[in-house]
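What follows is a single structure, written as structure tokens, with notes after it.
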């Protein structure tokens, strides 16, 4: 029933011998079993080790010292918001410039060959530009930092749950993430840049809060007190919220996203610090974008999505009355069912990729294929579409494409495809009635649904937020058009744009299963609070319906990566299990004063690859971490050295913080044969107050805090077993 600690065959980062590499290179398929947990994931030490060093440091700190630490936390959150906003501005400007160049070149080419023939050259140009952008981004991800693939939200969710994902918050990951998402969006894939922004904000938070860069080997000698997992977790929560705020222009939504989807620890002061970081992020983004657009001081952009405001004073048809909740009823169930269908198809497609497309070169080729197919499908749909709309003076189309339409008209299908996904969403929300015919929206919904399912999971930096919103906005507007055909054009519910908004929320909620935070994000991004109630109803229904069939997309990908993720509640059928039924045996433990040779042997033994070890002179009296033992061995903290006064100074918490977070492996610690016979006193460094439970404790009370225990980190020890 439980395979805790079993090694998953999808773990591709293990060190293997040359002989094993030759054998594995001949395999075309990697078997995968999602019920196994991978040993490459370690737990984070979210519980402070309240040993003698920690208590002495706390006692030495005055009231003013604690006040200064709190001020530093606010300063760090401000820096996180500022830098996250700058990165969001960089991504937005780069995508706008690159996509503008691409669409302008393709548009001119199409207009040139429309009259004289030879549109196939335009198709080749479009597909070649898409493939080139995507190829560069895919190469960067596949060959230099694979963890930068996807949106990064599942990885950050695991990090905040207490699971250490290798390389997830490193500077290299941030650089590849930003570069990759620019290439993916500019390459015309059915992706968005909002998910990667959340990951980028988390990486920024993890780096800024430590006051140094281990990748660049640069230490600024600041914020040293925060060099531990407990403090870094809080800042990463703020970084994720700042990423949401920068992406959607939704500071409150960012806070709620971090609370609902990420953090498993929360308090009131943390809420205000996270909100402060989110506000700074939004302000920074809007300020620099206003300067870039030549309108300094006009902070009106609601974020990277730039939904635009549903201003009821200027757009009468966007008024909302309670009666319309009945008209929104058809949205309550399709969102959950279409979201479940999206997740099911993507699940099996990801299984296929794990088994057959696991080599970097194949991953790059698949990304280029999807980019070329996306361009080809879009071109074919534009070519065969006869949905021509008049091009008015107040038209907001960025790249209106005439093609075979009459003078003064543009191809409506091109508006949906010949744009970045964010602009397409905005056009579906705000274009006046009559801008699309039902056939155009129906075909676009079907095709873009397939492209989005195929695209998510490629080895590129990409998010699923915008594709989901675009799919939902398309079928939502289609319903609004059908509704307007049976009502008078002057009816308050005749404008299909509001139905595009509700459809977008339903589709996104059905895929990612977010409720409260997504409601606030949509309300803040659109600037109209009156739609909060119907959006919440739609999202709640979409979650209930979708969960009946399959989990949310992020939970699916967490499971596919074999991550030992602990949910808030244990599975219902496991509540009758007791502690002794899941306890591993025999227990690997140390004495208060232990021989150095045994410590080295235990740490070197792969079968006892634990992160924490009980200290038990007959009964449990403390817990010592692997990282602590590594530092003690590195500094030769032996009883014999202390007695002979060979040690120059007493070890301090600073020594452990300087080694954090990349503690050296045990193989790099040299211990001579004479030193193996020395003794090490663990009393001063062990945590004397670990979590303990009786052996008859039921599973429903065994895991009260998901952050405190994972399969390789037995923080909770069992008194009767020891």
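Positions of Cβ are set from backbone N, Cα and C atoms, glycine also.
Keep in mind it's a predicted model, so treat the numbers as computed, not measured.
TrEMBL lists 74-95 (among others) with the feature transmembrane segment.
Within the same chain, residues 98, 102, 105-106, 109, 172, 176, 179-184, 186-189, 360-361, 363-364, 367-368, 370-372, 374-376, 378-379, 458-461 sit at least 6 positions outside the transmembrane segment (123-144) and bring their C-beta atoms closer than 8 Å to a C-beta of that stretch. Summarising the annotation, TrEMBL assigns transmembrane segment to 123-144 (among others).
If one looks beyond the transmembrane segment (174-192) by at least 6 residues along the same chain, the residues whose Cβ comes under 8 Å of a Cβ in the stretch are 87, 90-91, 94-95, 98-99, 102, 126, 129-134, 136-138, 140-141, 144-145, 148-149, 152, 199-200, 203-204, 207, 370-371, 374-375, 378, 420-422, 448, 451-452, 454-456, 458, 460-467, 469-470. According to TrEMBL, the feature transmembrane segment maps to 174-192 (among others).
Within its own chain, the transmembrane segment (235-258) has Cβ neighbours under 8 Å at 76-77, 80-81, 84-85, 87-88, 156, 159-160, 169, 193-194, 197-206, 208-209, 226, 270-271, 273-275, 277-282, 284-286, 301-306, 465, 514, 516-518, 520-521, 523-525, counting only residues six or more beyond its boundaries. According to TrEMBL, the feature transmembrane segment maps to 235-258 (among others).
As annotated by TrEMBL, transmembrane segment applies to 270-292 (among others).
The transmembrane segment annotation in TrEMBL covers 331-352 (among others).
Within its own chain, the transmembrane segment (364-384) has Cβ neighbours under 8 Å at 119, 122-123, 126-127, 129-131, 133-135, 137-139, 142, 187-190, 353, 357, 401, 403, 411, 413-414, 417-418, 443-444, 447, 451, 454-455, 458-460, counting only residues six or more beyond its boundaries. As annotated by TrEMBL, transmembrane segment applies to 364-384 (among others).
Here TrEMBL flags 439-458 (among others) as transmembrane segment.
Here the transmembrane segment (464-487) has Cβ contacts under 8 Å with residues 151, 190-195, 247, 305, 327, 330-331, 334-335, 338-339, 342, 416, 421-422, 424-425, 428-429, 433, 436-438, 441-442, 444-445, 448-449, 451-452, 455-456, 493-508, 511-512, 553 of the same chain, all six or more residues outside its ends. Under the heading transmembrane segment, TrEMBL lists 464-487 (among others).
As annotated by TrEMBL, transmembrane segment applies to 499-523 (among others). Same-chain residues lying 6 or more positions outside the transmembrane segment (499-523) and placing a CB less than 8 Å from one of its CB atoms are 244, 248, 250, 252-254, 256-257, 259-261, 310, 328, 331-332, 334-340, 342-343, 425, 428-429, 464-465, 468-477, 479-480, 483, 529, 531-532, 534-536, 538-543, 545-547, 551-555.
Residues or ranges marked as transmembrane segment in TrEMBL: 529-550 (among others).
For the transmembrane segment (74-95), the residues of the chain that approach it from at least six positions outside its boundaries are 174, 178, 181-182, 185-186, 193, 197, 200-201, 204-205, 208-209, 223, 226, 235, 238-239, 242-243, 245-247, 273-274, 276-285, 287-289, 292, 304, 420, judged by C-beta separation under 8 angstroms.
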